[in-house]
Amino acid sequence: MSTEPVSASDKYQKISQLEHILKRPDTYIGSVETQEQLQWIYDEETDCMIEKNVTIVPGLFKIFDEILVNAADNKVRDPSMKRIDVNIHAEEHTIEVKNDGKGIPIEIHNKENIYIPEMIFGHLLTSSNYDDDEKKVTGGRNGYGAKLCNIFSTEFILETADLNVGQKYVQKWENNMSICHPPKITSYKKGPSYTKVTFKPDLTRFGMKELDNDILGVMRRRVYDINGSVRDINVYLNGKSLKIRNFKNYVELYLKSLEKKRQLDNGEDGAAKSDIPTILYERINNRWEVAFAVSDISFQQISFVNSIATTMGGTHVNYITDQIVKKISEILKKKKKKSVKSFQIKNNMFIFINCLIENPAFTSQTKEQLTTRVKDFGSRCEIPLEYINKIMKTDLATRMFEIADANEENALKKSDGTRKSRITNYPKLEDANKAGTKEGYKCTLVLTEGDSALSLAVAGLAVVGRDYYGCYPLRGKMLNVREASADQILKNAEIQAIKKIMGLQHRKKYEDTKSLRYGHLMIMTDQDHDGSHIKGLIINFLESSFPGLLDIQGFLLEFITPIIKVSITKPTKNTIAFYNMPDYEKWREEESHKFTWKQKYYKGLGTSLAQEVREYFSNLDRHLKIFHSLQGNDKDYIDLAFSKKKADDRKEWLRQYEPGTVLDPTLKEIPISDFINKELILFSLADNIRSIPNVLDGFKPGQRKVLYGCFKKNLKSELKVAQLAPYVSECTAYHHGEQSLAQTIIGLAQNFVGSNNIYLLLPNGAFGTRATGGKDAAAARYIYTELNKLTRKIFHPADDPLYKYIQEDEKTVEPEWYLPILPMILVNGAEGIGTGWSTYIPPFNPLEIIKNIRHLMNDEELEQMHPWFRGWTGTIEEIEPLRYRMYGRIEQIGDNVLEITELPARTWTSTIKEYLLLGLSGNDKIKPWIKDMEEQHDDNIKFIITLSPEEMAKTRKIGFYERFKLISPISLMNMVAFDPHGKIKKYNSVNEILSEFYYVRLEYYQKRKDHMSERLQWEVEKYSFQVKFIKMIIEKELTVTNKPRNAIIQELENLGFPRFNKEGKPYYGSPNDEIAEQINDVKGATSDEEDEESSHEDTENVINGPEELYGTYEYLLGMRIWSLTKERYQKLLKQKQEKETELENLLKLSAKDIWNTDLKAFEVGYQEFLQRDAEARGGNVPNKGSKTKGKGKRKLVDDEDYDPSKKNKKSTARKGKKIKLEDKNFERILLEQKLVTKSKAPTKIKKEKTPSVSETKTEEEENAPSSTSSSSIFDIKKEDKDEGELSKISNKFKKISTIFDKMGSTSATSKENTPEQDDVATKKNQTTAKKTAVKPKLAKKPVRKQQKVVELSGESDLEILDSYTDREDSNKDEDDAIPQRSRRQRSSRAASVPKKSYVETLELSDDSFIEDDEEENQGSDVSFNEED
């Protein structure tokens, strides 16, 4: 059958727009076919929204929605509109929508020549929204709206009344708007204006016969939507008020549904209170309302744009949702260390949005999805952080944590280990041969602290074998996994290595170790606090990641090594190992005096020798400890130690610690709770000790070490910081980097405003400025420092012997704390952050502190002290107790010009400058508000700021101080410090700190007085017995010649002479024979009476012995021959009387008197300090004055006592290098050995070049031994090795009487002949030396010959006797009066002699022999070569 071809005219048609809408309705109103959708509908029975599957025709719902939106838009045009009535007559298939308010104008359109109501509702593409220049927030947009409802209705009636014009307009359309009846206009004099639309949908076009329940439910929900999204209206549905006043009420309809759904999901009749879902509502501004709830399924949203229900969301939903997701993600990452993907957060959100958008654009006429760009919204909606924090308190946070944990668990399981026989990924692993095999559970993995410990552990494997032992080194400390993220754990190499090597599987519940490569884990760390911390971190890792593993007895082990070894040399050689410091301290106090011994501190495993490690592994019973399986509340203690959530509990845990509590080293099995409470706690305490100062001196350990080092070095002349730091490190056994010490030194010397009120060190160089708070200090190698003169007035030297000094690394280091004369913690303030504790104490005025100290002395009421900063010119206001506010200084110097001349203390210049520059230039968030800014600083602050008149007015309104950030708070509510007993204490007031300091300081002033009086009493006793000894010698009651040493000592004991120890303390009585022999061997033996090994090694390295307690007779037997003269006898009597008078005067003083004396001296020095500081900051650097060389220790006079501290010192050859003896000097200061009374140095004699330099000598003279040089100082090698033989000693002593007789009989002759001899010597010298004028007065000084002989001698009686006997034997005449030196000594001296003259000023003390260029650095003023 053939068909006729269709013509082109028939194929292409043109239809009217009305026909197009009816033929293609989906373009305008959506589908006209029945569809099943998941929709929220209003359920009348439960009075809430419920989500259910419904069968509706979207097009029918859309034409209903268009009429509702028209009614809602009228609220924007007429804010006085208050009511919308919706009546749905399902049986009649009729719907009515009526709104009050301003109606449609009832007039004929000028251009179209028809009534405006007819044009709007009966003609397509007519609207009042076509002016795009006018920003509108209505729903109508394209000119279709109500016309679409008219087109798809069989009957459409418009009714509008305008009371203002007194008319009512009614018009009817039928048959899909194809029939338009003429309008009926009547008079309207009563009632409000209104607009009403009544229509009957053309159900046949929608494939429907009636309005069923599904479509009615959706329509009713849409009426509720209008009521919730349009503000300040009443909506009635079928004559019933909906009673929804705002968007929040509307959102709550969904809350009931969520609650009911959760009940159904949980199978409960009623949900627990904690499970009730919450909806968080927030009205951001007049155009944005947001509500949030947790979604139980996936992301859900209910949103409205200008009352239009955007069921498909759009840019406005993304705008809000993205903000919430981003901020929640940031919180999870920063605060909770959790990582969750954005879609996982979004899928758990239910968002409600009601907004007004200017000229909104949608994807289609159905308006289900907004497409307007965010920048075109016409308003912004920034979700506040407070709202996000509220969201984080809902179930969303819990779900995110669960999701994150699940993500982490999956990620961590990917890195699980397995039991395999060989692992090749870790080159440093020393794998056990049996690891990963069926015998793997018998193997032990040794985890060592670092590579150095690994080598030692490997050495130990030589003892136990490598079949069942493996080793692996840890790099530093492990990660605290308790709050760590999965990403942190996965990136931690140590944790991943342990899992692989051990074969551990994350979160696996272990009941035995047969599935592991190793069945035991042994920790081998240093025996210090850091080693304990590593053990704790491993325990924390195992407990939190592998449940059940620590329940297996014997799984976790530790290998302990000694922390100190004591080597006993006498009476018998022995070695004692100590595994903790308290045990060592106990032995030192109770047992050490019985032995001669030395100690060795084992800082780490690297200190041990390989042989020692093999010995340790050979005795595993002693060195291997087992951690007991978890019991009781062990898990709680692990959580307490490592959980960040337990910070407050940890603070109390630390506060309750009793000093001296340690883990019992004899325990074979260590309970984990004991380990945490008795060993691990020491690490946390050490952290606090490093960070929080002591209330007595205000120092942290590093600062205390620096001050100790400066005192020990007597740092009176400047020294590079880069040189001082290593010196402090060495002399205080500092175990950390020198760089941190250098920074501490810089901090103690900083003098800019806001730093130290009293800087204890002088800043000779760029030590930082106020610009950056000291961060701009120069490098340590460029700057110098020295002790401030005021420092020793604050830390009085007389207190040094009273402190308890710490013993570390075989040496005495800094004290536990210093006791300044006023509380430096208040003078300079303090701040720091430790474990569980932090502190902030501002500085105060030293003079106010002293005033209150005197109030305490007088039992008077204390005055209130306020924070004070040296050199600061701002003001401080007390706003409430313990709270202050600091203000800078700002003044108006012109109409719109301001001058800032001071900042709040510790607000640095750079901070304010950055703020002002931001105000000058602005950025994306801040507009420029400063017109101009100048800086005119010198040492003081000066900003000149120019504002515009508008900004000046605004600044006045805000406040000058507020706008320029010239206000800073100070709080006294966190004043934490260690109390005198070593416990952390929080102080409630400044006066409480002062009172705590006062009573301890007063007690120590009494101790100082007692100590000084005791030392004076000892000196009186020593002088008394020296007088008695000399008298007995002179009167022949005591003979010491030609007697064995032990016999002399025994006779002295029988005569009641006490021994005096190094400290100057007398010991009466006789120690037992064994101890006496040790004393004599160590302190009194000559070189040939001891075996070579003992004399070379034992006496040199022994640091403790019985002689410390019992002392020796060196104060008698070490006196010079000159001491046996009558003059010396009388002088000793006079010295004894002087000491008795000094003691009597001291006893008259009270502790408060001594303290007041110190305070007065400080006040004088402090005023000088303030003057110098003000001059320095003002640019006038005070003159330090010239330093005088040669001033310092005087020479010993002929008849002064022997100094026992020098006799047994090892002789030191001067090989062109400087000799440093500051350690020994400091020990003398500490012990206050006042054996030599200091006086001014003798007048120096300027001569021609002396014979010792330029005179030609015979070979015999050059080879002859010097009769006056000290063998302990100048000799390169020992001469007269047989000098100590008893026979030779006897021969020397035989000549004592003869020498005494000669000295007595020739004394007058010597006085007469000495000048002549000097003249002869001078004339003789003139034959070989260039003439130089010599002052007659100095040249003729009497007894110069004898003085010179003694000056060059530092020898004992025996050495002087040796000189005299040599002279007697050689029968030398005049030349014997000239001191002779060896060739090396003479050449050494000659090298440093100036060409024009030679001045000789010799010091008998061996620690005075220091070259000139060393003097300033060593704090010694002794000079040998100086021109007058």
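Note that Cβ sites are derived from N, Cα and C of the backbone, with glycine treated the same way.
Swiss-Prot marks one residue of Ser241, Ser629, Ser1356 with the annotation phosphoserine, and that residue is Ser1356. In Swiss-Prot, the region 'Interaction with DNA' annotation falls on 333-336 of the listed ranges 189-192, 333-336, 937-940. Candidates Ser31, Ser515, Ser1408 were compared with Swiss-Prot; the annotation phosphoserine appears at Ser1408. When Ser342, Ser1239, Ser1269 are compared in Swiss-Prot, the phosphoserine annotation sits on Ser1269. For the annotation phosphothreonine, the record in Swiss-Prot points to Thr1258 among the listed residues Thr363, Thr418, Thr1258. Per Swiss-Prot, the residue from the list Ser532, Ser1307, Ser1423 bearing the note phosphoserine is Ser1423. Same-chain residues lying 6 or more positions outside the region 'Interaction with DNA' (965-974) and placing a CB less than 8 Å from one of its CB atoms are 838-842, 867, 876, 882-890, 900, 903-907, 912, 915, 986, 989-990.
In terms of DSSP helix, strand and coil, the domain 'Toprim' (443-557) has 50 helix, 19 strand, 46 coil.
Listed binding-site residues: Asp526, Asp528. The one with the lowest count of other Cβ atoms within 10 Å of its Cβ is Asp528. Within the region 'Interaction with DNA' (965-974), the DSSP-based counts of helix, strand and coil residues read 0 helix, 5 strand, 5 coil. Take the CB of Lys147 (ATP binding site) and look out to 10 A: across all protein chains shown you find 26 other CB atoms. Least packed by the Cβ count within 10 Å, out of the binding-site residues Asn70, Ser127, Thr366, is Ser127. In the three-state DSSP classification, Gly145 (ATP binding site) falls within coil. Comparing Thr366 (ATP binding site) with Asp526 (Mg(2+) 2 binding site), their Cα atoms are 75 Å apart once rounded. On the backbone, the CA of Asp526 (Mg(2+) 2 binding site) and the CA of Ser127 (ATP binding site) stand 86 Å apart.
Across the structure, Asn70 (ATP binding site) and Asp528 (Mg(2+) 2 binding site) are spaced 81 Å apart at their Cα atoms. If you measure from the Cα atom of Asp528 (Mg(2+) 2 binding site) to that of Lys147 (ATP binding site), you get 88 Å.
Around Gly145 (ATP binding site), taking its Cβ as the centre, 24 other Cβ atoms fall within 10 Å, counting all chains.
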